[in-house]
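Engineer: Shown below is the structure under consideration.
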Amino acid sequence: MKDLVKFLKAQSKTSEDFDVIKIGLASPDMIRSWSYGEVKKPETINYRTFKPERDGLFCARIFGPVKDYECLCGKYKRLKHRGVICEKCGVEVTQAKVRRERMGHIELASPVAHIWFLKSLPSRIGLLLDMPLRDIERVLYFESYIVIEPGMTDLERGQLLTEEQFLDAEDRWQDEFDAKMGAEAIQALLRDMDLEVECETLREELQSTNSETKRKKITKRLKLLESFIQSGNKPEWMVMTVLPVLPPDLRPLVPLDGGRFATSDLNDLYRRVINRNNRLKRLLDLIAPDIIVRNEKRMLQESVDALLDNGRRGRAITGSNRRPLKSLADMIKGKQGRFRQNLLGKRVDYSGRSVITVGPYLHLHQCGLPKKMALELFRPFIYAKLESRGFATTIKAAKKMVEREDAIVWDILADVIREHPILLNRAPTLHRLGIQAFEPILIEGKAIQLHPLVCAAFNADFDGDQMAVHVPLTLEAQLEARALMMSTNNILSPANGEPIIVPSQDVVLGLYYMTRDKVNGKGEGMLLQDSREAEKAYRTGQAELHSRVKVRITEYVKNAIGEFEPQTHLVDTTIGRAILWMIAPKGMPFSLFNQTLGKKAISKLINESYRRLGLKESVLFADHIMYTGFAYAARSGSSVGIDDMVIPQKKYEIISAAEEEVAEIQEQFQSGLVTAGERYNKVIDIWAAANERVAKAMMENLSQEEVINREGQPEKQASFNSIFMMADSGARGSAAQIRQLAGMRGLMARPDGSIIETPITANFREGLNVLQYFISTHGARKGLADTALKTANSGYLTRRLVDVAQDLVIIEDDCGTHEGIVMTPLIEGGDVKEALRDRVLGRVAAEDILKPGTNEVLISRNTLLDEKLCDVIDENSVDSIKVRSVVTCDTDFGVCAKCYGRDLARGHLINQGEAVGVIAAQSIGEPGTQLTMRTFHIGGAASAAAKESSVQVKNTGTLRLTNVKFVTNKEGKLVLTSRNTELTIIDTFGRTKEHYKVPYGAVLNHADGEEVTAGETVANWDPHTMPVISEVSGFVKFVEIVDGLTVTRQTDELTGLSSIVVQDVGERATAGKDLRPALKLVDAQGNDIFIPGTDVMAQYFLPGKAIVTLDDGAEVFVGEPLARIPQESVGTKDITGGLPRVADLFEARKPKEPAILAEISGIVSFGKETKGKRRLLITPMEGETYEEMIPKWRQLNVFEGELVQRGDLISDGAETPHDILRLRGVHAVTDYIVNEVQEVYRLQGVKINDKHIEVIVRQMLRKAIITNAYDSEFLEGEQVEVARVKIVNRKRAEEGKPLVEFERELLGITKASLATESFISAASFQETTRVLTEAAVAGKRDELRGLKENVIVGRLIPAGTGFAYHQNRQKNRLVGGMENTTEVKLSAVDEEEIASEFTFSAEDATANLAEMLNMADDAE
């Protein structure tokens, strides 16, 4: 028996015996060494006997026997002849599965170039030979000769010759030179290359050249040559002389019924190669004419190309049914390829799926499993139990019992299932909460029952969703399922640390109804001794649920030693709240319950319970909340009737007022006072505002009702209208939806996103007329179409994010860095978008936090900021904190726990081995998919907020202006002439309360440093146009303003007023292209006026579309507008813009018209202009002037003589993250990406913690470009992992050498994934062919560091519970080298080894073996 086990062990080589996977080029000898024989014939199997043909593609002599331990002719059968080679048919007697691993080979009659190294760009062969691909192809496909050895002639090595030139040369020099065609020629050239010498010459060239393109080209070649030298690959191996043949069971021939066969495409492709190869051999033996041989060689080359990568060159070879054959390359790439279909995603045994239904009576850790499913899933366990308890003598008998479904089987099943967790999964699994463990409860019926509270995590509903069940088999798997994946351990969301086990819909409505109060309810003013009595009063009908009463409440408060002490008070509350208090756990304050509970408040309840009382109490509490909510929702009897949609009386007045305003604007437009664009914008604004007013009137109407109180006086109270209650509680629906039911539907968007200017004034209760209905359908259908498209987009974004971040794992506790990022509260306008406490909660302080204005340390560095410490920060009004961040973490190939901070899903400092990269990717990707599915909920109703046109402050304080330049107009008001002015309001403690951006041309009512009071308007401007402000007083003089060339004149028919509109450069006649229309200010004598304090003329260049209403020579005063430029109209805000925006940010794409930033600090001036561009010069205090050409149509934010700082805006536009990184550094680019991504999600009301985005940014900043390599192993301009450079620099610092200088580089997530050090991970992501080609040429090693690589080779991942396993492996490797560890393993193969995996006695084993053999005989 022991021998058998040892034999089986030896058979299966474990995945333990390698640590690195190396990929390289195979030499012909290597291919021959893999092979078990040469395949000489294209035949597959004999059509009569169905036995494989000898020497054919399925030959048993080469590849092994077709049946286990049986040779082909049948002379040797059974196990006893193991290892014998039959002398008759030459087949070795062994297991048939060797046909899956034994390879053959084909000796090619003429060499063939490998298409991957030829055609995969950049062509490696072309790069090595320094020849264009086109030329190499001409040689390979026998169109031209190439000179291999010029000898004493005036030809050059590598020169191409046509047929005529070759014949001429032969006449002239006879045998002096050598020129060939075909792969032999290329192989000879590659073989003759001296890599070392070539490298030397290239290095010298690199030193001597100045041209940038040349440098790049040389560096590319140099890298390729060096990689060949280092990897030990020989260039000539890129041309094959021997072709390996895949084992036959990996390209099977399957008999179908009716005597036909289904075959793998590879067999066809191999057959082609063998046929052509044999024909070529014959032709060579016959010494056939050159032209025939050549043609045959070309065909051989083409057939090998098709086998390796069909369709890469020329037309794809197709099979009988006109579809291209699937080549070897197609087998591994794409979604259906080997990597993604079979290695990263496998089908799993012991699993089933079924429809889900509600299980409202379940506990949180339970799910209902249909008996039928359980019986099937736990089959082997049942067999074992039946046998061990003596109900069945053999497995066969047990099987029969289970099939008969004997009564005893059900008892055993219940026993087996007890405390055996199962996993439930709902596709799509967008985050880790999409798979959770539950304890199964056996139920009748065929649907899985799911606990309602976990639906949010699974994003499940019961409209026909299905879920899959998986059974964890081993003890370890069960342990992990119970300890880590149980639904009760996943109360908080990993994305934002808030509870995800939150009641919704019915439960919320029930609790809301139960905790509402009512004026003059039955039994108001009763005095009750406790919650019990309150319930009694309600049940007996003495009091209503909502009546206001006084109740004695006993709270439990923790004392100094952490024990609960009871405290009793008399509290004003309602009957319902008192009843709800009965389920509150000890230690919760009653104040949290003594309010009307909406969805937010309930979420807060659960959160508080978790933070105060821990996991167990919170789970029980959540369950009780759910049961109570369901019960009282049923009691409330809420339902919706058409009468609940109350239309406000004011609606009709508001609409007619709006219609009058629109008519007025229309009149202004017709009299030429406003342009078409301005009119459109203003109309949209009027309707948007009217819609808001109607909605407000409607909500006021719905949300309140007037009742008579006990004193007989009228009093307002919140309404008990069902629709209002549903929306107000957060159970279903929103104000926006009610607005469409009972207000007005409002503005609609066209499918392209532009807004239709006639709104739908009706609502759904009144009903829509045909036109309105038609307009409505636009939005609704667009929503549905978008959803389908965007789901795919979002899934792809998630995939890219996971791929870029998958190898980021917490690998140490503290990296010891003092770096970090500075956090301040996010203030936009008068609102604090995110308070400082919310941003730093769960982070680790990077520096001591001081009390403002003193040196007293509030919190010392390296402290995890939890809720209590955040309260301290709030109380002391700290306004900026430097916290540790993943982006600044110093750990190589991972992150440290301190830089990451709190594990959001658990609430304590994160553990080592946590896969933070994947969690971050899921947290960002998951809402993307959710949001994509939510566009059509508001039915395309345009929510264009009326554009802001003033700043009205909300707090009293001091006004502060930054980046400000202004002129004072004749009324004494300040007019801004600076572009990015920021206006902040500071309170008496020096805290920023409000923050606004104020545009150019705004009129300010207060100067810097003045006191302002709340509600005051401090600035106004026209939101639809941008003025050009005069900075001096004088007379206007037109410059290059020529009618019909640079401008068009528009005269209004009604008023006779004329205005001048500047044409865009692109629309002008050729003569006007170089003209630059401008307004110049001159004094009364016609002399130029200079802007005060500078030597710059007061001349204003007018961009396209600018409108001038002044006449030539008109007088203007300082601060007055000279011209106005209409601004673009608004589109609808919708995540459609959101999802692509997030993708653009993570891909670090350059925007269409990027902002231009100042490269250095200095004084701006303009140099000589070229045709379409102007020359911007920046002169620093010292050093050389920087110059940049800027297209003339770009609007500049700077004037001549202005001082700019490095990184300042010169021309408006979207900023490019690459520029921000280059000019402002890592912190600025992190801030930019984090804030921009958060902006998109915030718009949708999705909370994601900043650190997830930072994790992705860290991965985008993984690479550096070497700027000065000194004498290190790097090349200048090479792209290297930052961690590698840091390691080298540490070593150099110890040796006292100068440190390698580098610049961080920002890569988009796709690029970053493909640039990862692991080629296995990159190949399984995208562009498999390119990645593998590159890796093979460079002889890359994969250290199996990330998660994907380990999944692919079938190991535990180096994260979570697999983290320790990998650490041990590394220790073993360091201690004894790999050899020892394998020996240790083998010496341990004894009793104890077996015992650890499964226990059985020898008798049992033999009995079972005998039974199996019998069964096999029966089968025969």
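Cβ coordinates come from backbone N, Cα and C, glycine included.
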Engineer: Same Zn(2+) 2 site as CYS889, CYS896, CYS899 according to Swiss-Prot: which of CYS455, CYS815?
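Structural biologist: Swiss-Prot names CYS815 for this Zn(2+) 2 site.
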Engineer: Measure the Cβ-based neighbour count of CYS86 (Zn(2+) 1 binding site), defined as the other Cβ atoms within 10 Å of its Cβ.
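Structural biologist: Taking every protein chain into account, the count is 20.
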Engineer: Determine the most Cβ-crowded residue among the binding-site residues ASP461, ASP463, ASP465, using a 10 Å radius around each Cβ and all protein chains in the structure.
Structural biologist: ASP465
Engineer: Compare the Cα of CYS889 (Zn(2+) 2 binding site) against each of the binding-site residues CYS73, CYS89, ASP461, ASP463 and report the nearest.
Structural biologist: ASP461
Engineer: Could you state the whole-number distance in Å separating the C-alpha atoms of CYS899 (Zn(2+) 2 binding site) and CYS89 (Zn(2+) 1 binding site)?
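Structural biologist: CYS899 (Zn(2+) 2 binding site) to CYS89 (Zn(2+) 1 binding site), Cα-Cα distance: 68 Å.
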Engineer: Taking the center of the Cβ atoms of ASP461, ASP463, ASP465 at the recorded Mg(2+) site, which other residues in this chain have a Cβ no more than 8 Å from that point?
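Structural biologist: Here the nearby residues are ILE356, ALA460, PHE462, GLY464.
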Engineer: For CYS71 (Zn(2+) 1 binding site), identify the closest of the binding-site residues ASP461, ASP465, CYS815, judging by Cα separation.
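Structural biologist: It is ASP465, whose Cα lies nearest.
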Engineer: Taking only the binding-site residues CYS73, CYS86, CYS89, CYS815, CYS896, which one has a CA atom nearest to the CA atom of ASP465 (Mg(2+) binding site)?
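Structural biologist: Result: the closest of the binding-site residues to ASP465 (Mg(2+) binding site) is CYS896.
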Engineer: Out of the binding-site residues ASP461, ASP463, CYS815, CYS896, give me the one sitting nearest to CYS86 (Zn(2+) 1 binding site) by CA distance.
Structural biologist: CYS896
Engineer: Tell me the Cα distance separating CYS73 (Zn(2+) 1 binding site) from CYS815 (Zn(2+) 2 binding site), rounded to the nearest angstrom.
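Structural biologist: Each residue's Cα considered, CYS815 (Zn(2+) 2 binding site) and CYS73 (Zn(2+) 1 binding site) end up 68 Å apart.
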Engineer: Measure the Cβ-based neighbour count of CYS899 (Zn(2+) 2 binding site), defined as the other Cβ atoms within 10 Å of its Cβ.
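Structural biologist: I get 29 for this one.
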Engineer: DSSP on CYS815 (Zn(2+) 2 binding site), three-state: which is it?
Structural biologist: coil
Engineer: Under 8 Å Cβ to Cβ from CYS896 (Zn(2+) 2 binding site), same chain, six or more residues apart: give me those in sequence order, or none if nothing qualifies.
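Structural biologist: The list for CYS896 (Zn(2+) 2 binding site) reads ILE810, ILE811, GLU812, ASP813, ASP814, CYS815, CYS889, ASP890, given in order along the sequence.
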Engineer: What is the number of other Cβ atoms found within 10 Å of the Cβ of CYS89 (Zn(2+) 1 binding site)?
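Structural biologist: For CYS89 (Zn(2+) 1 binding site), the 10 Å Cβ neighbour count is 17.
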Engineer: For ASP463 (Mg(2+) binding site) and CYS89 (Zn(2+) 1 binding site), determine the Cα separation and express it in whole Å.
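Structural biologist: Cα-Cα, rounded: 63 Å.
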